[in-house]
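Colleague: Copied straight from Swiss-Prot:
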type: ACT_SITE; residues: Cys110; note: active site, nucleophile
type: ACT_SITE; residues: Cys113; note: active site, nucleophile
type: DISULFID; residues: Cys110-Cys113; note: disulfide bond
type: DOMAIN; residues: 66-191; note: domain 'Thioredoxin'
type: TRANSIT; residues: 1-55; note: transit peptide
Amino acid sequence: MSEIVNLSSSLRSLNPKISPLVPPYRQTSSSFSRPRNFKYHSFTDKICLAAERIRAVDIQKQDGGLQELDDSPVSVELGPICGESHFDQVMEDAQKLGESVVIVWMAAWCRKCIYLKPKLEKLAAEFYPRLRFYHVDVNAVPYRLVSRAGVTKMPTIQLWRDGQKQAEVIGGHKAHFVVNEVREMIENDSIT
């Protein structure tokens, strides 16, 4: 389901070297992640164009000065955890760095999990890079790992520090409530 985006003549006039047609971006479907390849074009410091979304950004202030653009990510893809050894490695790495880790336990068949994931990716961007977010597909890892983490419902979002579970949110209700609870969980951990 790819589209060719036809650039208007006004956009083409800003950068005459650009083709009037922007090729489609690659999108592969997966149970949880959607890798994306974008095609970016610049137009004289005024407009940034990506084939997935078109966004105009005016970087000149009214007084003629330049406005700094925030280059922090809008969302950060949750890193997959594929098994017990990988889970242990993530915990060990975080412990060495003295960081906490957020683990989102999901299932491919869980509609609430699928709906919540992009919202958690946006939340992950707020705490990036000091806090890493990962996801585990409970059907793709051994049951020992799921049991070890104490997961009984999906989605379950857990905060881990020093190899120990510190707190968890079970996300069976509205996504914005879950995201707020996860945010509070993270902020409460950073206070202690």
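Going from the start of the chain as shown, residues are counted 1 onward.
Cβ atoms here come from the backbone N, Cα and C positions, even for glycine.
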Colleague: For the active-site residues listed here, Cys110, Cys113, which shows the highest count of neighbouring CB atoms within 10 A?
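Modeller: Compared across Cys110, Cys113, the most Cβ atoms within 10 Å surround Cys113.
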Colleague: Do you know the mean pLDDT across the domain 'Thioredoxin' (66-191)?
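Modeller: A mean pLDDT of 93 is what the predicted model shows over the domain 'Thioredoxin' (66-191).
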Colleague: What does DSSP assign Cys110 (active site, nucleophile), in three states?
Modeller: coil
